[in-house]
Amino acid sequence: MALAKEIMGISLLEKSSSFMNSSSMALFNPNNYHKENHLWFNQQFQGRRNLSRRKAFRQSTMAAISENLIKVVPEKAVRFKVRAVVTVRNKNKEDLKETIVKHLDAFTDKIGRNVTLELISTDMDPNTKGPKKSNQAVLKDWSKKSNLKTERVNYTAEFIVDSNFGNPGAITVTNKHQQEFFLESITIEGFACGPVHFPCNSWVQPKKDHPGKRIFFSNQPYLPDETPAGLKSLRERELRDLRGDGKGVRKLSDRIYDYDIYNDLGNPDKGIDFARPKLGGDDNVPYPRRCRSGRVPTDTDISAESRVEKPNPTYVPRDEQFEESKMNTFSTSRLKAVLHNLIPSLMASISSNNHDFKGFSDIDNLYSKGLLLKLGLQDEVLKKLPLPKVVSSIKEGDLLKYDTPKILSKDKFAWLRDDEFARQAIAGVNPVSIEKLQFFPPVSKLDPEIYGPQESALKEEHILGHLNGMTVQEALDANKLFIVDHHDVYLPFLDRINALDGRKAYATRTIFFLSDVGTLKPIAIELSLPQTGPSSRSKRVVTPPVCATGNWTWQIAKAHVCANDAGVHQLVNHWLRTHASLEPFILAAHRQLSAMHPIYKLLDPHMRYTLEINGLARQSLINADGVIEACFTPGRYCMEISAAAYKNWRFDLEGLPADLIRRGMAVPDSTQPHGLKLLIEDYPYAADGLMIWGAIESWVRDYVNHYYPSSAQVCSDRELQAWYAETINVGHVDLRNEEWWPTLATPEDLISILTTLIWLASAQHAALNFGQYPYGGYVPNRPPLMRRLIPDENDPEYAVFLADPQKYFFSALPSLLQATKFMAVVDTLSTHSPDEEYLGERHQPSTWTGDAEIVEAFYKFSAEIGRIEKEIDERNANTKLKNRCGAGVLPYELLAPSSGPGVTCRGVPNSVSI
């Protein structure tokens, strides 16, 4: 505990005591203060141990305090001075208006239009029947320091309080300036308990726009029924303010969290081609809720919300917006540069004469030579854009050069090999679709009356020659057969997809065989189309080639599998399962959990930026005619596929162990470190993921057990229960009646729910996101869409295919424009920002909580994450693990916790922040 005490500031008492001397007033001397009160201050500040000890202690010490107050306070209360150190973060860049207003605020600050603070005690004032308050203190030297160019500026303010004031539990801030400012933290010095920290990290709006005082609580956590009397009303008021009243159009400066359906993806006022179905609020099209903005409806469809088109920002609560360094990396710079400037330049530069890649050299030239932009489009404006790192340079001669994706870094031709195609199913950007094949042949779950026979076209003879002498049943029994099955996801949409101009798709199934050395090989691909008649041929099976024609057919079939997989990865596993499904949990947390609630403090870093990135996605990525529709096979039906998948989403199976068991990739085994035995021992995503899952679970268990020693505390925590109930009944209302929702009645229930949420926000999202450019930036390896089917021998195109199979192959891949647009966008989405906060890290790691035992537990968790990173490095150097180490094999680093900025193909941020 010595370390923790030093961290929490107890050892600073002597250093801060000199500040308490003043010639103008009587001093409060901690050494002369009654021992009982001094003890109470210090022990209240220390970490909690268990509920019964805390309550017993509080009863005895409060009795002592009450006795002392009766005897001493009326006659001997003394006044003393305490100081606030207030840290404000400056903007690096200001526009002309902001600069003018900043100077105006500096001038008017001198004449009373300033920033004032007021301390609120944890104790009640018996006279006012409200919390004890200090005098209002003015932030000093704002005008003098307004021109400082440093990232942070420290201001001070002085308060006068009585010796019976108690502990400061909250502080109010009033901004009488014309402009908002970012308040990072406040530290109060001069109390007997030592420095009191107030982590703020919030924009404080001008009083003229938001009349109420802003409330900030100290870092001391309190469960609702343990809230000190002086803070109870403030706790409730702050939550009411954050909930709002559900009415009106939200202003960008608002801090209101509320729910709405996805009714803002289309723009019917632009025409029927831009209208899109509403997602959510319909049993046929269920979807999680998103953050409400309250915009007026469109003119054409009153149920559709009008859009805010780029570059204007869409609403998210002010504190959810990207901080400046993140903005410069992503929001206003990178993605907008790509969407508004680079892509139009590409569209204007790529004529119909060079619509397709002519060969592999054309793709290679994007990295080695660059793309020639049309004259005039690159001029000074384009040259000054903060384009993604992938766009390395715009040189003289109008060249736009892309960085070489990591998939080409070790072996330029690795992507062509079947073993690499299979390896990416367990160690690529979408390692969560593969399943154990439970029976052969596989069977569809779709309605046969609508979609035809459920039976697969796969037969034993298709795969028997690839089973190393086993029968199919023997291979099944030996856990040797695996499948990536996208049949039921795509088949209901194929008629509509294939009617789109330049889009062609199958519903695919791919069978893999596990070799004796632990690697996979693809042994059959089934390609299905909707049945057009009772005797029509709607399914075909392609197997590894034995001739030249078969080789090209096999390559195109694998490309169709990759396009299917890219769509499922982006629309279901990535967007739906880690972005959209988490948003209701985040909205409910802000609405129902006080900032002083220990569970809010635990979840806070794992909610950072998610609402902003989701809002930006609705505006520019998943919207009608947006990047996702333009770049992926389903086109305008992308989000309908996502909504169809939501019908099968289950929160109780989103944790890693449950997901692995659901997919048959692991079986329970109490003798194994994580209670699971992997069927593929060298399954990099699962093997590394289980280590991280275990570390998160251990940290959450320590945390939860510290505050909830029994089920009674869980059940009686009204804020906690309201958070979970609102998440289900409002945020995921379309699935609220499902029986699989976990209960929240015991500490173990809470541990499971929180571990799953933190896993999804951190490691699961990282595994699915940061490999997008490293693997998908080379389009032949992972085409996001396909434009041609494989011709049958009776098709007129078959002769064209035979005459020039390479040309046919490239004509089936995305066009040059589609590919370059996709490459630029996924590079941006694969990028870490400089201010990224990784798993095991926290902003202000020593002061985010006032609970010393929890600080120590967090450092223990952080150390375990560091140990896991070293273990991952060792695994990537182990030649026995052939799915992550070998000639030309990429190491699996997507779950390596730390990373530098940029596109690194590694790093696990705390939250879904891109």
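Heads up, the Cβ atoms here are built off N, Cα and C, so glycines get one too.
A quick note: this is a predicted structure, and the numbers were derived from the prediction, not measured.
Quick look at what Swiss-Prot annotates:
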- HIS574, HIS579, HIS765, ASN769, ILE914: Fe cation binding site (BINDING)
- 96-218: domain 'PLAT' (DOMAIN)
- 221-914: domain 'Lipoxygenase' (DOMAIN)
- 1-83: transit peptide (TRANSIT)
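Each of the binding-site residues HIS574, HIS579, HIS765 was scored by the other Cβ atoms within 10 Å of its Cβ; the lowest score goes to HIS579. Within its own chain, ASN769 (Fe cation binding site) has HIS574, THR578, LEU829, SER830, ILE914 as residues 6 or more apart in sequence whose C-beta sits under 8 angstroms from its own. Mapped onto three states, the DSSP output places ILE914 (Fe cation binding site) in coil. Around ILE914 (Fe cation binding site), a 10 Å sphere centred on its CB holds 27 further CB atoms from the protein chains shown. Apart from HIS574, HIS579, HIS765, ASN769, ILE914, the residues listed for Fe cation, the same chain places the Cβ atoms of TRP575, THR578, ILE613, ALA766, LEU768, LEU829, VAL912 within 8 Å of the centroid of those Cβ atoms. Residues belonging to the domain 'Lipoxygenase' (221-914) score a mean pLDDT of 92 in the model.
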